[in-house]
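Here is what TrEMBL records for this protein:
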BINDING   19-24, Asp43, 51-54, Lys67, 112-117  ATP binding site
BINDING   Cys153, Cys156, Cys430, Cys433  Zn(2+) binding site
COMPBIAS  560-576  compositional bias 'Polar residues'
COMPBIAS  614-623  compositional bias 'Basic and acidic residues'
COMPBIAS  624-633  compositional bias 'Acidic residues'
DOMAIN    2-431  domain 'THIF-type NAD/FAD binding fold'
Amino acid sequence: MVSERQLEAIKGAKVLMVGAGGIGCELLKTLALSGFQDIHIIDMDTIEVSNLNRQFLFRQSHVGQSKAKVARDAVLKFRPQMSITAHHANVKDPKFNVEFFKQFNVVLNGLDNLDARRHVNRLCLAADVPLVESGTTGFLGQVTVHVKGKTECYECQPKPAPKTYPVCTITSTPSKFVHCIVWAKDLLFAKLFGDKNQENDLNVRSSDASSSAHAEDVFVRRKDEDIDQYGRRIYDHVFGYNIEVASSNEETWKNRNRPKPIYSADVMPENLTEQNGNVAKNCVVDTSSVSAMASLGLKNPQDTWTLLESSRIFLEALKLFFAKREKEIGNLSFDKDDQLAVEFVTAAANIRAASFGISLHSLFEAKGIAGNIVHAVATTNAIIAGLIVIEAIKVLLKDTDKYRMTYCLEHITKKMLLMPVEPYEPNKSCYVCSETPLSLEINTSRSKLRDFVEKIVKAKLGINFPLIMHGSNLLYEVGDDLDEVEVANYAANLEKVLSQLPSPVTNGTMLTVEDLQQELTCNINIKHREEFDEEKEPDGMLLSGWTQAPPAKDDKQSMNDKQSIGNGGDSSNALQTEPADAVKDGEMEEISEPSGKKRKLSEGSKASILDATDGTRNHKEVEKLDDDDDDDDDVVMFDDLDSMTNKKKRLQ
């Protein structure tokens with residue numbers, strides 16, 4: 001039963017809920033039934049068919065509409081006296097600034113990506129508003145409480161790094177099906193249908209190519225070349241000739257099973273290609289309905305295709321892309337919701353797997369791997385939503401001693417499925433809430449300011465609208481109030497080597513990086529270093545004080561060792577197995593494994609804790625590995641920019 005004190009706190013609270021997806025729907029319902037009266041919801045997503053199996057406030061008729069607005073309308077039908085304000089917008093929009101956050105008593109997160117989480121965490125710190133974080137992945141879930149000065153902030157603990165594999169493993173020595181998926185998605189699909197100007201590690205030289213540097217790119221369709229001929233030529237090159245080249249290295253295969261080249265004529269005769277679907281060109285078509293499986297009469301996505309079926313799907317999908325979606329070729333990137341793209345990648349991965357003696361997989365399985373999908377469990381979302389409300393009430397009552405980080409486990413541990421844990425104290429070395437200086441080793445004579453901005457400031461520190469200073473000298477900033485001369489000067493600075501900037505950055509320099517929207521300031525001590533290990537330090541720089549968690553382990557690990565894909569920068573000599581941001585359908589972002597040394601487990605529990613995260617998307621990820629629908633055209637407005645920049649010398 002709710003006490004009179006709790007009821008008073010609930011009715012007087014103003015709550016901000018970020019995310020109206022899997023957790024968000026359950027959370028809004030639970031908040032309403034618990035007596036909360038004033039709720040704001042922020043979500044920029046629209047409803048998709050795949051949401052309907054668990055996001056119960058939505059119906060088929062709502063597909064394409066705003067999640068935040070439909071969720072509000074659904075709850076108002078059974079709680080019409082409530083005040084619910086829906087914002088169909090990006091939580092990173094400048095209107096959601098520190099002043100906006102200050103009006104709330106508590107913020108409840110249901111997000112699915114690191115950047116948006118970090119952004120909300122920093123705004124809550126700046127506004128001194130408590131934050132309750134949450135997440136689910138399958139049967140696992142968590143709720144964590146973050147109160148400035150009393151518990152750790154969201155960024156006090158490192159997040160798992162994206163799992164990567166060296167390019168040589170992907171291109172030459174795959175041993176797992178995920179290697180074949182990455183090859184098909186990030187190399188072959190990108191080469192055939194993506195940006196032709198992007199570097200790609202696929203061998204483009206055919207067996208009859210000359211030694212000339214201007215030898216023909218085998219992936220370029222020849223003038224007047226029949227689509228069936230082109231498809232077979234691509235097939236024979238990537239699954240036949242390239243495999244022959246790879247298998248010719250005796251040293252490589254001394255202790256491995258040598259791959260078997262596969263040529264189209266060996267799998268399917270010429271007339272079988274002609275039996276593939278007849279495609280009418282120049283007809284208006286819904287691209288989402290274009291399917292190679294449908295053309296060939298294959299219906300069950302959970303059936304594992306044979307090599308012959310995979311080969312037919314491969315050629316049919318290629319034909320359909322050129323016949324039905326030719327205008328998109330050159331601009332396509334893999335999207336797990338693109339049926340034809342998933343069919344092509346699955347078929348290509350299966351053919352490559354067959355060549356290397358790896359088990360073939362169904363379209364359903366391949367889509368899960370390619371899209372980083374952990375299928376959501378509605379019950380987990382409901383449990384986590386209830387726990388969020390319990391912690392929110394404690395926060396409103398300021399019952400600091402009763403705060404708990406609660407973890408929902410898949411298997412019973414110490415007779416518990418819900419594991420309550422006392423929160424960490426703030427991490428004194430956290431650069432976000434403790435403002436501890438960071439240290440960056442970098443070659444100041446070779447690295448440009450652009451490298452620093454893209455690889456460190458944005459990718460690692462999550463600063464979206466950076467302002468970079470050396471002392472009182474401004475080296476770079478972003479803002480809509482800059483005049484043309486300033487924009488040109490900052491653009492020119494980006495292309496300059498650090499040591500050649502107007503205010504040179506050399507060994508011992510202290511740079512100050514700010515994000516005025518997040519009200520975050522970070523100091524970075526620069527240490528010049530001549531050489532870096534290209535394999536271990538591909539970025540050519542090393543950030544200390546900011547801790548990156550280790551990448552995920554292999555698939556056969558125990559539950560307590562599980563870590564799935566987190567977030568971070570992609571490297572030049574490694575490929576990510578999954579996109580950097582979490583997927584909408586899978587509602588999973590990263591799993592980490594806190595050590596537990598600083599935490600006291602509640603009575604009788606000393607098991608390992610999993611950090612799972614889930615929610616609904618509110619922000620487009622920086623990396624291009626995931627094809628998001630989110631708008632990334634945000635322009636930040638700095639209300640106090642003039643007063644701040646008066647104190648700073650702008651370098652011309």
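Every residue gets a Cβ built from N, Cα and C, even glycine.
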Under 8 Å by Cβ from Cys433 (Zn(2+) binding site), counting only residues of that chain that are 6 or more apart: Leu125, Lys148, Glu152, Cys153, Glu155, Cys156, Pro426, Asn427
Segment confidence, the domain 'THIF-type NAD/FAD binding fold' (2-431), expressed as mean pLDDT: 88
Other residues, Cβ within 8 Å of Cys153, Cys156, Cys430, Cys433 Cβ centroid (Zn(2+) site): Leu125, Glu152, Tyr154, Glu155, Pro426, Asn427, Val432, Ser434
Rounded Cα-Cα span from Asp115 (ATP binding site) to Cys430 (Zn(2+) binding site), Å: 17
Candidate with sparsest Cβ neighbourhood (10 Å radius) among Cys153, Cys156, the listed binding-site residues: Cys156
Fewest-neighbour residue among binding-site residues, criterion Cβ within 10 Å, set Asp43, Asp112, Asp115: Asp115
Cβ neighbours of Gly19 (ATP binding site) where a neighbour is any other Cβ within 10 Å: 32
For the binding-site residues Gly22, Asn53, Cys430, the one whose C-beta sees the most other C-beta atoms within 10 angstroms: Gly22
